[in-house]
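Comments concern the structure below.
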Amino acid sequence: MEAENLTELSEFLLLELSDDPQLQPVLFGLFLSMYLVTVLGNLLIILAVSSDSHLHTPMYFFLSNLSFVDICFISTTVPKMLVNIQAQSKHISYVGCLTQVYFLMMFAGMDNFLLVMMAYDRFVAICHPLHYTVIMNPCLCGLLVLASWFIIFWVSLVHLLLMKRLAFSTGTEIPHFFCELAQVLKVARSNTLLNNIVLYVATALLGVFPVAGILISYFQIVSSLMRMSSTEGKYKAFSTCGSHLCVVSLFYGTGLGVYLSSAVTHSSQSSSMASVMYTMVTPMLNPFIYSLRNKDVKGALGRLLSRAASCP
């Protein structure tokens with residue numbers, strides 16, 4: 001089949017999660033519920049942090065940013081998938097596919113950066129408590145977030161511009177329920193060597209180094225806790241890390257699951273189900289993890305809901 005330039009290609013075809021027509025309403029209801037729960041849960045976290053002065057600290061500043069990014073992350077894929085299920089369509093426009101690729105990389109990258117910042121915040125709080133307010137000042141926190149947005153903006157843009165060079169066949173089907181960069185590269189008709197090199201380099205720099213930063217932070221935290229004589233002090237200090245460790249495990253665990261499912265098996269359905277965990281379940285569970293395991297967040301949410309209920 002003759003390949004044509006992407007600028008002349010009007011649309012792609014996406015993989016359906018199930019070909020069974022009877023399952024389509026069930027999937028629509030399930031994913032719509034997950035989407036609404038995710039948006040509502042993360043919005044409540046943002047409102048609780050912004051409205052409660054007790055939560056105006058670096059840890060909760062990063063948490064509110066993480067909640068915002070999670071809302072954007074899930075909103076990049078799920079609404080289009082819901083529209084396709086309802087319309088019984090597999091089509092996505094060329095511009096829509098490029099948009100999904102760009103914003104998925106941006107928000108996944110920001111999740112990555114924010115988890116590193118939160119690990120560093122816990123490291124400073126536990127290992128250098130007397131200098132915490134000096135080191136983790138509002139200027140530094142804001143600068144870290146802005147620098148992360150700046151870096152991931154340009155990295156995502158480079159991937160997008162390289163993707164625009166590729167050629168595809170008419171009616172190309174992407175073996176996924178959304179436009180993910182690695183899956184799009186697999187179905188390209190032109191040479192993707194440069195795209196893959198940039199993808200691997202970016203994954204190494206923006207994946208390996210942040211994970212190494214988190215591991216180093218927690219190694220220092222554990223070493224500091226081991227030197228504490230009080231068992232109660234150890235538990236109290238480490239309990240502040242519990243929620244973050246759960247979110248880190250969930251984020252990187254599901255991300256690793258997506259990678260292994262695509263590398264080990266060639267089944268598109270298996271890869272898609274792993275991606276559901278990564279793109280939907282993780283953002284949905286994050287606010288529950290922080291609200292259920294954190295007394296400060298639970299208290300702030302309680303006060304927020306009380307004020308909302310008392311309003312006429």
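Heads up, the Cβ atoms here are built off N, Cα and C, so glycines get one too.
According to TrEMBL, the protein carries these features:
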- 41-290: domain 'G-protein coupled receptors family 1 profile' (DOMAIN)
- 26-49: transmembrane segment (TRANSMEM)
- 61-82: transmembrane segment (TRANSMEM)
- 102-120: transmembrane segment (TRANSMEM)
- 140-162: transmembrane segment (TRANSMEM)
- 197-219: transmembrane segment (TRANSMEM)
- 240-260: transmembrane segment (TRANSMEM)
- 272-292: transmembrane segment (TRANSMEM)
Discussion item. Taking contact to mean 3 or more CB pairs closer than 8 A (sequence separation of 6 or more), are the transmembrane segment (272-292) and the transmembrane segment (26-49) in contact?
Written reply: yes
Worksheet entry | Same-chain residue ranges lying at least 6 outside the transmembrane segment (102-120) that approach it to Cβ under 8 Å | 59, 62-63, 65-66, 69-70, 72-73, 76-77, 141, 144-145, 148-149, 151-153, 155-157, 159-160, 178-181, 206-207, 210, 213-214, 217-218, 244, 247-248, 251
Fill in: Residue numbers, six or more beyond the limits of the transmembrane segment (240-260), whose CB comes under 8 Å of its CB atoms
59, 66, 111-112, 115, 118-119, 122, 125-126, 211, 214, 218, 221, 271, 274-275, 277-278, 281-282, 285-286, 289-290, 293-294
Item to complete: Within the domain 'G-protein coupled receptors family 1 profile' (41-290) only, compute the mean pLDDT.
Response: 86
Worksheet item: Same chain, outside the transmembrane segment (26-49) by at least 6, Cβ under 8 Å from its Cβ: which residues?
Response: 17-18, 55-56, 60-61, 63-64, 67-68, 70-71, 74-75, 78-79, 81-82, 85-86, 280-281, 283-284, 286-288, 290-291, 297, 300-301, 304
Practice prompt. Go through the chain and flag residues at least 6 beyond the ends of the transmembrane segment (61-82) whose CB is under 8 A from any CB in it; none is fine as an answer.
Written response: 28, 31-32, 34-35, 38-39, 42-43, 45-46, 49-50, 92, 96, 99-100, 103-104, 107-108, 110-111, 114-115, 117-118, 121, 138, 141, 145, 177-178, 247, 279-280, 282-284, 286-287, 290, 297
